[in-house]
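As recorded in TrEMBL, the features of this protein are as follows:
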- 26-161: domain 'MATH' (DOMAIN)
- 181-305: domain 'MATH' (DOMAIN)
Amino acid sequence: MKSGDSATTNFGDELSITRSKRHLPPSHYMLKIESYSILSETVEKYESGVFEAGGHKWRLSLYPKGNKKMNGTGHISLYLAIVETENLPLGWEIYVNFKLFVFDQIQDKYLTTHDADDSSIKRFHDMKTEWGFTKFLPLDTFNDVSHGYLVNDCCLFGVEVFVHKHSAKLECVSMTKKPDNCTLTWKIENFSALDEESYSQEFTVADSQWKILVYPKGNSNGKAKAISVYLCSCNCLLSDLKYFAKFKLRIRDQINKNHVENTAKHWFSKSLKAWGFSKFLLLENLNDASKGFLVNDTLIVEAEIMAVSNIKLFA
């Protein structure tokens, strides 16, 4: 391989791996072996000392003549292993992106070996504590002095380990049609004494909380012309999530049963937590006793939620 080249290779049962060279040394651990020929004749497997990376303990596992049990004959086999897992919680999982290295002493560069998919992340767990490459490097290539990996019977391996911290939250959203207890009836007595902006009591529909908001003399385009009625999400006050509702707002006709109602749908948010109608009912009709909306200074306002989102967050 020429300086600056990279290549993707496939060795039978081994996944495709990418090899490239760089000057930058491995970030986390290096293993220098002197008298490599004696080591390879003496031991089948060499385990490095323990090092720490990403808050966990690791070591390198080197098979100088290949891991024969994994069909690695004729190659160097090199793996990253997690150790000291006794104190990890039951069912632990650690996601890792790692690279393995061998030093080219002639070019003064490190041969970097990793999966062909550079973003590949390996899952370490109690049933799989070791990942790496059974066919890390062919022995013919490694032993050829012209490649610079084994010079004066000395070589240098290395590893970089990047642990992906699990801090993601899970948002689960579902939609419910015709939820139970979906109608809030707000009977407002002494309506004439109502504040310019008034809220009903809080009510719960499908695990979300809501209120009715009334402007007795209107707001926005309906100010001094009509009563304004809105549905207000209480959940949005303390959350950055959005909450959906398809709903109907109603003012009851207490005499003729000719109720006035309007339907809307909206995604409620912290910046827009109320939605409804600024011109819900003209004040002249509201105050007309024959219309039946205001009886004995009592007004009945309802909110009926016909569909609603259910949102839960899990750490």
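Yeah, the Cβs are placed from backbone N, Cα and C, and that goes for glycine too.
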Secondary structure content of the domain 'MATH' (181-305), with strand meaning DSSP E or B: 17 helix, 66 strand, 42 coil
Averaged pLDDT, computed only over the residues in the domain 'MATH' (26-161): 94
